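Student: First the structure, then my questions, so here it is.
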Amino acid sequence: MSEISLIMLAAGNSTRFNTKVKKQFLRLGNDPLWLYATKNLSSFYPFKKIVVTSSNITYMKKFTKNYEFIEGGDTRAESLKKALELIDSEFVMVSDVARVLVSKNLFDRLIENLDKADCITPALKVADTTLFDNEALQREKIKLIQTPQISKTKLLKKALDQNLEFTDDSTAIAAMGGKIWFVEGEENARKLTFKEDLKKLDLPTPSFEIFTGNGFDVHEFGENRPLLLAGVQIHPTMGLKAHSDGDVLAHSLTDAILGAAGLGDIGELYPDTDMKFKNANSMELLKQAYDKVREVGFELINIDICVMAQSPKLKDFKQAMQSNIAHTLDLDEFRINVKATTTEKLGFIGRKEGMAVLSSVNLKYFDWTRL
């Protein structure tokens with residue numbers, strides 16, 4: 001049995017997919033797409049090593065200890081070159097995680113022809129009339145190249161060392177004078193590029209699990225600046241001490257959302273030792289945090305917030321706070337509730353030394369079936 005390693009490319013920005021969630025994090029059941037695709041291929045062969053390129057290594061490592069992860073580059077070629085640094089097997093199979101339904105039959109065709117050339121690649125024939133600049137092409141000579149592809153590792157490394165931009169491994173190998181062998185591709189191995197492609201593939205739908213997160217934050221009064229809660233000015237001078245603008249509600253809510261998604265906490269994302277966050281707009285930081293949560297496949301169900309303050313009174317500001325949160329997070333206002341309470345003059349809150357906020361949120365997987 002030939003020694004083969006597997007590289008799965010999962011560091012793309014999903015620009016053409018045109019949704020808030022990166023396509024590699026779409027959920028198929030409970031698995032993100034990148035994991036589902038990798039499990040599928042890894043079930044076909046005892047690979048020496050499996051390497052996944054990533055734009056979020058810390059988060060992806062939470063799903064499995066069976067693979068190695070490496071930060072991707074700005075392009076496919078850069079990501080592949082970095083991943084190849086971890087590969088020492090004679091052959092390497094490379095696939096895009098967006099080709100999620102590669103079959104065992106296609107996989108076997110690649111393996112069976114391993115000794116035929118320097119790169120073995122699946123290809124589809126073109127059935128439709130094809131024009132280039134309004135001139136008909138000979139469709140018999142056209143091939144639609146797919147992945148996975150198997151290459152001789154040393155030759156692929158040498159090809160990528162040219163620092164040219166190749167869109168797949170076969171063109172890189174061919175540029176080095178290497179021999180390419182084509183096997184029959186398949187419709188199910190078409191790349192998931194646009195959101196409309198989801199309707200063409202028979203994929204498992206997202207799980208209906210709900211993920212709950214809580215966030216708690218406390219700040220002391222003492223800054224002669226506006227007191228802000230959810231970006232709403234509550235008082236012109238009763239500001240809270242903080243590295244940022246002191247919006248304790250926004251901080252609490254940010255922590256709750258990050259926690260529900262398993263993405264750490266606000267201190268990791270926006271450390272108070274970083275001067276670029278000095279006096280930062282906390283509602284803008286909240287939006288950025290939620291964008292990260294959406295990128296990895298989640299969306300908000302509802303938000304419930306309890307503000308604890310002896311003073312000032314917040315009754316007249318709750319509606320404005322709810323509206324501002326809804327606008328910032330692009331969420332229906334009926335899904336947001338803001339409550340206010342005192343501590344009956346007990347503790348530091350009762351002594352009017354500061355205030356605290358407890359936020360709770362529920363997330364669900366992004367439902368791509370609605371697209």
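If you go along the chain as it appears here, the first residue is 1 and each next one adds 1.
Just so it is clear, glycine is given a Cβ too, placed from its N, Cα and C backbone atoms.
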Student: For the divalent metal cation site that Swiss-Prot assigns to Asp217, His219, which of His243, His251 is also named?
Tutor: His251
Student: Counting Cβ atoms within 10 Å across all protein chains shown, which of the recorded positions Arg16, Arg139, His219, His243, His251 comes out on top?
Tutor: His251
Student: Neighbourhood of the divalent metal cation site (Asp217, His219, His251): other residues with Cβ within 8 Å of the Cβ centroid, in order?
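Tutor: Once Asp217, His219, His251 are set aside, the remaining close residues are Val218, Leu240, Ala242, Gly246, Asp247, Val248, Leu249, Ala250, Ser252, Ala356, Val357.
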Student: How big is the gap, in Å, between the Cα of Asp217 (divalent metal cation binding site) and that of Arg16 (site 'Transition state stabilizer'), rounded to a whole number?
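Tutor: Between the Cα atoms of Asp217 (divalent metal cation binding site) and Arg16 (site 'Transition state stabilizer'), the distance comes to 38 Å.
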Student: Provide the three-state secondary structure of His219 (divalent metal cation binding site) computed with DSSP.
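Tutor: Going by the DSSP assignment, His219 (divalent metal cation binding site) falls within a strand, counted as strand.
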